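So that you can see what the record holds, here are the features copied from TrEMBL:
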SIGNAL    1-21  signal peptide
DISULFID  32-112  disulfide bond
DISULFID  37-43  disulfide bond
DISULFID  82-88  disulfide bond
C-alpha cells in the first residue's frame, strides 16, 4: 500500500485551485470585454470608422482610435482590419489594459470598471466623475448587471 504525503495532496489541490482561478479569470475577462464592447457601440460589428470630434476616427465594435491601437502594440499590423475584427480588437483592448490598467475609482483594486473607465476616458481621465454620466458608462453598467444576474442564476 502506497502512502500519500500531505505535500502531494496540497500540490494537487493547489493545481486544481489554479485551474479554477484561471477559468474564472477567462470568464471575467470575456465578460469585461463584452461590456466594454456594449458600452462602446452596443457591440455593433458592422460599425466601421466614424469621425471623432475632428481629431481622427474611431473604428469597430470597441470604437478604437489609431493612437489606442498603436499603444496596444498594433495587433494585426493593419489598423482598420484589426479594429473591425472582433478577435483582433479584443486583443488590442487586452494589450492596452495590460499596459495602462490602474485603479481609477480609488477602491484600491484594478477591476473591469477601471478598464472601462480607461477605455472611454483614457488613462489620465479615468478618475473623472463625468464618466458615469456618459452613454458608454450606462450601457457598460447595464451589461455588467445583466451578465452578473445571469451568472448568479446559473450558479448551483
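Each residue, glycine too, has its Cβ placed from N, Cα and C.
Sequence features, as recorded in TrEMBL, placed on the structure.
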residue	record	Cβ contacts under 8 Å, 6 or more apart
32	disulfide bond	112, 115, 116
37	disulfide bond	43, 61, 62
82	disulfide bond	69, 74, 75, 76, 88, 89, 91, 92
Query raised in the report: Just how many other Cβ atoms lie inside 10 Å of the Cβ on residue 43 (disulfide bond)?
Result: 18
Report summary line: Using a 10 Å radius on the Cβ of residue 88 (disulfide bond), the other Cβ atoms enclosed count 19
Query raised in the report: Within 10 Å of the Cβ of residue 112 (disulfide bond), how many other Cβ atoms are there?
Result: 17
